[in-house]
Structure formats: C-alpha cells, structure tokens
Amino acid sequence: MGILRKEKMRIVNSSTAGDRHFEVFNPYSNEVIGTCPKASLEDIASAFRTAKNYKASLSRAERSQILRKTAEILVSRKQEIAELITAESGLCLKDSTYEVGRAYDVFHLASTIVIKDDGEIFSCDITPHGKKRRIYTQRDPLLNAISAITPFNHPLNQVAHKVAPSIATNNRMVLKPSEKTPLTALILADILYEAGLPREMFQVVTGDPREIADALLTDPNVDLITFTGGVSVGKYISTHMGYRRAVLELGGNDPLIVMEDADLEEAATLAVAGSYKNSGQRCTAVKRMIVVEKVADKFVELLLEKTKKIKYGDPMDPETDMGTVIDEASARYCEDKVNDAVAHGAKLLYGNIRKGALYSPTVVDHVPFDCDLVRVETFGPVSPVIRVKDIDDAIRVSNSTAYGLSSGICTNRLDYITRFVKELEVGTVNIREVPGYRIEMSPFGGIKDSGLGYKEGVIEAMKCFTNVKTYSLPW
Ligand code: NAD
C-alpha cells in the first residue's frame, strides 16, 4: 500500500488540532504508511468530558440497526480493510481477511443480542417472612465514560470486542489503539459514524503512551478501563487506576497437549494452525507443545512436514500463509529466545531465520520446560516441543508458568479429558481444538497473570459495561 494516510483523531473537540505526529510503518517494507496525531493531555480530558456529558438514549432497535449496518459495511469493504490491516501489522492477507470476518461476527451477534432484555424477576413471597412484592433488575449504562486500550495483534477485532458491547449498552467510549496499528481503528470509527453512531459514543485518540497513558487510567470521567495487552502494562494499570472497574485481558502461554492415544495427524494440524496463524501473535496461540514421550518422535515428524509447507513472506501476496511479526525488535526477541533454548539443550529442527521483521516458522524439540522460550510468552511463530512422561507430568508442566489463558488437548480418553478440565489452571480447555477456538459471544478470558476481572465475549462484556439496578413493586 503506497498511500500515505495523514490521519486526524476521531474526537469531537480537539484543542491541539494535531500539531505533533508519529509515524506508522509497514513492518514488511519499512515504509511509512501513515501519520497520526500525538494527543495532548487536554485532548484526552476533552474527549472524556464530551463522553461523560453526552446522554446516550438510543433505543434497542436503533442500537441493533447501527451494529447490523456496521457489520454490513465491514463486509462490503472487506478487501480494502484487510489490506489496511496487512499494511500496518504485517499480518498476511489470509489472516487479515479472516479478521474482518470475525469483526463482522462481533457486530452481527451484538446486533441480535441487544434486542433481548436481560432483566430478571424475583418473587418475594417465597419464605415465611416474605412479602407480596416482586424485585426486578435492569442494567443501566455506566454514569461516566469507558476508557479502552487495545494491542497491535488484531487491529480490528480487538477494537470490535470493546466498542460493540459499549454501543449495545448505550455507553460512551474513548479508545486508544496501539500506536503500532492505529489506522484500522480510525477507519472503524468512520464506519460506525456512517452506520449512524453519534460521535460522542465512540471517540478515538492516538499518541504516545508515555505521555497519555496515565490520563487514560485516571481521568475523573472514567468509570471503567477495558484493556487488552501484555502482562506488564496490565499490572501497571492495576496499580495506578484507583477506584474504578477494570477488565484486564493479558498475555498467554497456551499449551497444546498431545497424549499417547491422540490422532497425531490431527494434533500436528492443530499445532501448525495454532502456532503460525496471525504470525503466532495471538494471546491464545499455541506457545508450548507438551507431548507424551511415547508419541513425540512421530508427532515431531508430522509437525516438521506441515511446518515446511507454510509459505511465509510478502504479506500482501494472497498466496502467503504467514507474514511478518509486528517489528524487527519482536522478530529479534523470538530469535534470541530460540538461541537461548538451544544453549539450554533444545534442538533446533527448522527455521530461526530472520530478515527484518520477517521471522520464519520455527520448530524446536527437547525444549526444557523452564527455559525462557516457554516460561514467558514468546509472541511469534515458534513451535517449541516439550517432552513429558505421562498425564501427571503434562498437567504439572502446563501449570508451571504464571499464565492461565487457554489450552488445547489432543486425546479421546474421557478419564484424561475430565482430569484436564478439572486440573488445568486456565480459562478455557478445548478438546481436539486449538486453544484459540471460541465464538465471539462465548465468555473468554484467563486467570493468573492472563487476566483479571470480567471476561470478554459480547455477552460478558455487556454485563460488565453496566450497573445492575433493582427496583421492587407491590404484587
Ligand atoms: P502492550 O501491553 O505493549 O500494549 C497494549 C496497549 O497498551 C497499547 O495500546 C499501548 O500503547 C498501551 N500502553 C502502553 N503503556 C501503557 C500504560 N502504561 N498504561 C496504559 N496503556 C499502555 O501489548 P502489545 O504488545 O500491543 O500486545 C501484545 C500483548 O497483548 C501480548 O502479551 C498478548 O498476549 C496480549 N493480548 C491479550 C489478549 C487477551 O484477550 N488476553 C488478546 C490479544 C493480545
């Protein structure tokens, strides 16, 4: 994409008119593809003031229509939006096209969920000292604004998961997208306005987190922070945000566990999909393959065979299966962690080749379970195989990190399945699927260092973006 986008923020009143800018790069070509304003602290305060003062009163029908129209526009502009995601993130067109489809699902599902009232009714004459009354519940939007902060790895869908439930609940949101991939979020804002959303209900600020992050967390007009990103920033937020609600969706270190009875062909297919899709940059990517020794040789053989078929390179080529990671520093990080694992006794079987931000699919076997490559999150296309003795060993290794997001299990044995569901310290256990499998409305989120607070998924997010009010009547 050769076009240089000179963007403005999507805020109702801007004091600085964007007199300072930062550049957005294409990770594959290193070209500057756009510039965005660096928000001032007054811009941030103004956006939250506008959001707080706006009284949203869209009917359920109006909200549903805006969400449905947004979904339709996304699909009608699929190619163009996919190309923009690819240009700013380096994700290949196959991945970015898939992402537009997922965002369609988010808005489409939200448009159907919003028409259903989720109030509850409690009869009060149910105990000897009860009364002839009924208690009703209703969910109200928050009194003040929502502050949303998103990562680079899904420039569209991460934003969709914040803004769709916000619209569905008549809230007002100010978003700061990743400074690495802000362009897609700005286009999404335009699409929402085109679909009829009042601008006060969704504003987008851009800028340097070192200058504006604290204001996004502590502005007096913020009632809730919804953050998706890494563990260190998530923990920073939890200690700086003060008295307000927060949803923290953080990093993952998800295992694919392969037991001795597994269909190894299926297991290797899941391993490859989980490891390399989105260039391995998903919170729920397969980051560790925990394989029972008895079948490990055969599994690794199949894993290698399938990895070698992954075509990586120019992200804009529609035939490419995997593009770059987000930047050269990120690719170097993967390379360093693989080298460190090899220094600790792992065997490099394929890959570990880097050119700028392009890092090859990489297979490493005999990885010690406690080396950095698999102890902390490696956000890139690496397949590290950890060999274990049996199910006890598999569960111990799986639970040995600080993370607890999701997991994928390859087995058909019910006794194993029940143990994994019960004993893995994670938010999700997917049997014979990748850890990342979900639908956009099912609850999603991790425990331990992987997340704090409510889960995401349209339904859960709508609950947490509201205050429950009860009222009672004589009956
Ligand atoms: P990051 O934590 O570096 O940045 C995320 C966002 O936080 C960016 O918008 C950034 O500008 C902002 N930020 C930076 N400093 C901040 C501060 N002090 N206060 C508030 N905000 C600040 O994450 P990233 O590198 O963009 O994304 C990758 C990470 O996101 C990975 O760890 C991945 O696992 C995680 N992630 C988690 C989920 C989930 O749902 N659990 C989903 C996707 C990605």
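Residue numbering: from 1, along the chain as shown.
Here the Cβ of each residue, glycine as well, is placed from N, Cα and C on the backbone.
Annotated features, as they stand in TrEMBL:
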type	residues	note
ACT_SITE	Glu249	active site
ACT_SITE	Glu249	active site, proton donor/acceptor
ACT_SITE	Cys283	active site, nucleophile
BINDING	Thr150, Pro151, Phe152, Lys176, Pro177, Ser178, Glu179, Gly230, Glu377	NAD(+) binding site
DOMAIN	19-470	domain 'Aldehyde dehydrogenase'
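Cβ crowding, taken as the number of other Cβ atoms within 10 Å, peaks at Glu249 among the recorded positions Glu179, Glu249, Glu377. Here Glu377 (NAD(+) binding site) is positioned 9 angstrom away from the residue listed as 'active site, nucleophile', judged by their C-alpha atoms. Taking the C-alpha positions, the distance from Thr150 (NAD(+) binding site) to Glu249 (active site) comes to 10 Å. Between the alpha carbons (Cα) of Glu179 (NAD(+) binding site) and Glu249 (active site) lies a span of roughly 18 Å.
A gap of 14 Å separates the Cα atoms of Phe152 (NAD(+) binding site) and Glu249 (active site). The binding residues for NAD(+) are recorded as Thr150, Pro151, Phe152, Lys176, Pro177, Ser178, Glu179, Gly230, Glu377; their greatest pairwise CA distance is 24 Å. Over the domain 'Aldehyde dehydrogenase' (19-470), the average per-residue pLDDT in this prediction is 98.
Each of the recorded positions Phe152, Cys283 was scored by the number of other CB atoms within 10 Å of its CB, and the largest score is that of Cys283.
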